């Protein structure tokens, strides 16, 4: 039983003394690993940032095409009176003087082109 304890103690002492690394070596190794990790993280961050900027540019481009200012404002439908000088007929319609059945009305109406 004593030989087992002595053997175990001897192996333990050898493992501790031979396996113990220098603290400075450990620190240097950890610093190198963290620097490599930081450079990888910086690269990944820059790549992600570029992709996000591309997506944002596409979204802003689509928004500018479909913004409220570029939409057609309220318009007058077919068969509705309109102003001859400032026609607000919807697209595909023209402000014209009525023919035949609408002659007695003295205003213009929106008709299909």
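Positions of Cβ are set from backbone N, Cα and C atoms, glycine also.
Summarising the annotation, Swiss-Prot assigns disulfide bond to 75-90, 82-95, 89-110. The signal peptide annotation in Swiss-Prot covers 1-21 and is backed by sequence analysis.
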Any same-chain residues 6+ apart from residue 110 (disulfide bond) with CB under 8 Å of its CB? Would you list them in sequence order, or say none?
76, 77, 78, 79, 80, 82, 87, 89, 90, 93, 94, 95, 96
I'd like the number of other C-beta atoms within 10 A of the C-beta of residue 75 (disulfide bond), please.
15
If you count, for each of the disulfide-bonded residues 90, 95, the other Cβ atoms lying within 10 Å of its Cβ, which residue has the minimum?
90
Would you mind checking how many other C-beta atoms are within 10 angstroms of the C-beta on residue 89 (disulfide bond)?
22
